Structure formats: C-alpha cells, structure tokens
Amino acid sequence: MVAEFQIASAQSSALTSTEEEHCSINSDKAAKLDLELTSERKNDGKQSHEVTFNEDIADPEDIARHMSTARRYYISSLITFTSMVITMISSSWTLPSTHIIEHFHISHEVSTLGITLYVFGLGIGPLFLSPLSELYGRRITFLYALTLSIIWQCLTIWSKTITGVMFGRFLSGFFGSAFLSVAGGAIADIFDKDQIGIPMAIYTTSAFLGPSLGPIIGGALYHQSYKWTFITLLITSGCCLVMIIFTIPETYKPMLLIRKAKRLRKEKNDQRYYAVLEVTREQTSLLSAIFLSTKRPFGLLLRDRMMGVLCFYTGLELAIIYLYFVAFPYVFKKLYNFGPMEIACSYIGIMVGMILSAPTCLLFQKTFEWRVKRNNGVKTPEMRFEPLFYGAFLTPVGLFIFAFTCYKHVHWIAPIIGSAIFGSGVYFVFTGVFAYTVDAYRRYAASGMACNTFVRCIMAGVFPLFGLQMYKSMGVNWAGFLLAMVTVAMIPVPFLFTKYGARLRAKSPYAWDD
C-alpha cells in the first residue's frame, strides 16, 4: 500500500502518454538497434517516428534492465539515506537553538523560526522542483538541488547575522525537498511493480524517522559550538552529493528515450526519430510547467472538501510532532531534569512506534486484496482507509497517555510509551490518507500529494511557534490534553468518508467517480 501511493505520486504527470500500435523496421540493423515505432506523426510533410523501449530486446539506454538487484538496492539506499539526512536537518535545530539564542541575542520565538522556515521550504520546494525533474530528469534535479541545499547550509552555519541564518535555513529546505518529492519516482524507475514494496516502504519510513534522529545529533554535540551540529550534517550531505555524482545514473524513462532517439538519429543519419519528452520540451516551458504544478494543487485544496479535510488531518499529525520539538525539552527538563542527550533520546519513542508500524503495510495490502475479492473484484478508494481506522484511535490514545503521565512521581518511560503509541498512530494515518488520495484522485494524484505536502509542512512549521508558550501557560498536562482532544475530533473522519465517500467523490471536480 505504501508503495502504491508513492509510485503514483512520483510518476503521475502531464508527460504520460498512451501506448499506440507498434511498428518495426524491416532490416537486421534496425532490429539490432531495437527501434520500436509506437506512433507516427506528421512534421513538415515527413513521417516521423516516436521511439520507445522494446520489452523483448534490451536497449543500452534502458539501464533498469541491465541493473543487478544489488545495484538497484544500492541506488535506492543512497537516495533513501539522503532523504533522511534532509529531514534530520529540520529537527537538528532543536537543541542547538539554546546556543543560537545566546549567540545572536534573540528571543525563543525568533529562534523557533529556524524550524519553521526550513519546514516551509520543504513544503514549497516540490511545487517548483517536481516540474524540473519531469522536463530534465531525476539525476540533474538531484545534483542541482542538493548542491544548492549544501550552499545554503553553509550560509546557515557561517552567517554573521540571524537574518542570514534564517534565509539559509529556508533555502536549504527548499532545495533539499527534491529528495522528498522526486526520490520516490526515482526508486519506482528501477524496480518492477512486484519488487518495489520493500524498498519503497523503507524509503517512506525513513522520511518519518529523520525528524526523530535530528535532535540526537544536536544532543551529542550540544557542548560544542552550535555550528558543529550543522557542520556534521553538511559533511554528510556533501558525502551524499559526491556519491550521487559518481554512482547514480539517470533513471527517468522519458530522458533515457531522448538518449535513444539521439543515438538513432546519429547512427541512421535520420532526423525523423524523436522522443515524446523532446516534443514536450518544445511545447512547454519550465515556467509554464511550474505554474501548472502550483495551480492545480491549490484548486484541489479550495474546491474539494474531501481534500481539505484529509490535508488538515495529516497536517495536524505532523504539526504535533514538530510541536514536540519545542515541548519535549521543556517537559523532560522541568519534570525529570533531563540533560541535552537525554532530551534528544526522548524522541526515540516516536521513532520506535513508526518502525514497529511499518511492516503492517504488507498486511494491509493483503486485507485490501481480500476486500476487493469479497466485493466481486470491484475496488473502491474507501477500502484504503483501513490503516486510518487504527490511526484515528491510536493518536489520541498516545497523546492522552503522554499528557497524564507527565508527573515527577511517574517514571519517565510512561510518557515515552505514550509518544511511541502516538508515532504508530501517525504512521497509520499517513498510510491511509496517502493511499486514499492516490486511489480516489487517480489522474490528479500527483497534484493531490503536492497539495497534501504543502498543507502538511505549513502546519508543521506554524505549530512550534506557539508550542512552548502553550505548555508554559496551560501546564504540561492540560496542553497535552488539548492536543489529544483535537485528534479525538478527527476520529469520525475515516468512518464518515467510508460511508459517504462515493457520494462526495461524485460531487468533486477532481476525484474519481464510480
């Protein structure tokens, strides 16, 4: 299930074309070149030929067919690790912020912008970087985006003004977001559909684990200069960039077809061979592609009530996690006198909850297939809500446990257990919402996911701005109770959508109607 929504999110685009009748060239040389004529078009009165890959004979450009399983997993592992580093940077600000406040003589509220602006960048960046990958390929997008992210990380580290630091945080998140929006498609490029479940599940989980690991880096280096936390992640990002430069090839099929078309034009001395992406580039500018990629997600958000509710739901879950990045240091230092490293390790509970929940995606997929079979082979998007049924209850349960076990006379492991249950619930909520979004919106799945990412990151960036003040003014227990009650209000969502989903989809201008 996790694999399916990620594949659809990464690969749905305006560049997809329908298959047409295959033709072949009647010559031995053409057979060796493995030319597949899948469509014909008229250009200046001459017949032109669109090239594609033949399933029977491997083209040299069709690199996915030549890759060993080990190399596929190496590429997906490197992309996954880089994605995790990008998300670690978002929360690594948590503990060094104390030193940043002292160094720049700023308030806690201003310091919190270091988290907020980075997460804003993660939410806004995909709207601009995804079209870049669809026109120019995965590899060049990764290289330029990670290089620019590293450059802006340098500004964050060595800027002499807090304005420069914040500007660097936003732009490093903006460009780093390519590994959250494009990476899933790159992994889908090199694995067959029946093999992609495990690598995609690992990739998806890593994006959630990164924020939990970030504070651990900050805690380990807390007694050093605040810069060393970010220098460590800068060096790690640089190592990832070097490895990507030398070991990650282009995987985007439309780009590989351009290479094949160029080879055929050169070898056959015939300029009539073309790839669809070449035509798309001629007819679509990068600016127009960016405009379309930003217009449709906002249309979905404003005109579709289902999308608005689902975006708010996932945004709320992620926002609470990021609120904890300012709340945990206050709670565990005040109640249990935790030091920096102990505070950093307190986030492991959320991480453990997500890790334990990840394998269930295979079980939910089996359950989905059973439901389809039971329904005479007819599947509906609402069948994807099963993980959300569990997540809807686990998230408030975890928050209630955390809220009412935060006492000095209660062992610190109790609220950590509550955070683990909450983390598990968050994973189920995201799995159910993402799978439903892809299945219900189909043609507009990529726009739906972009819309969800934008709302999610905006909410996650806003909540830390008032989190500490809320815990100080309301008290640890009542602030936690308030968060739990907000998630309780969301419990009916999957049940109402399961009952009325078909009716709501029929009224939606974007959703798939039965």
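We count from 1, first residue shown onward.
Including glycine, each Cβ sits where the backbone N, Cα and C put it.
Topology note: Pro60 and Arg139 share a membrane side (same topological domain name in Swiss-Prot).
Away from its own ends, the transmembrane segment (343-363) comes close to residues 1-3, 91, 94-95, 197, 201, 204-205, 208-209, 211-213, 215-220, 222, 321, 324, 328-329, 332-333, 387, 398, 412, 416-428, 431 of its chain (Cβ-Cβ under 8 Å, at least six residues beyond either end). Between the transmembrane segment (413-433) and the transmembrane segment (228-248), the number of CB pairs under 8 angstroms, six or more residues apart, is fewer than three, so the stretches are not in contact. Applying DSSP to the topological domain 'Extracellular' (329-342) sorts its residues as follows: 11 helix, 0 strand, 3 coil. Nonlocal intrachain contacts for the transmembrane segment (142-162), taken as residues 6+ away from its ends with a CB within less than 8 angstroms of a stretch CB, comprise 79, 82, 86, 89, 100, 104, 106, 110, 129, 132, 168-169, 171-179, 182, 186, 227, 230-231, 233-234, 237-238, 240-241, 244-245, 248. Note: the stretches the transmembrane segment (112-132) and the transmembrane segment (387-407) are not in contact (fewer than 3 CB pairs below 8 A, sequence gap of 6 or more).
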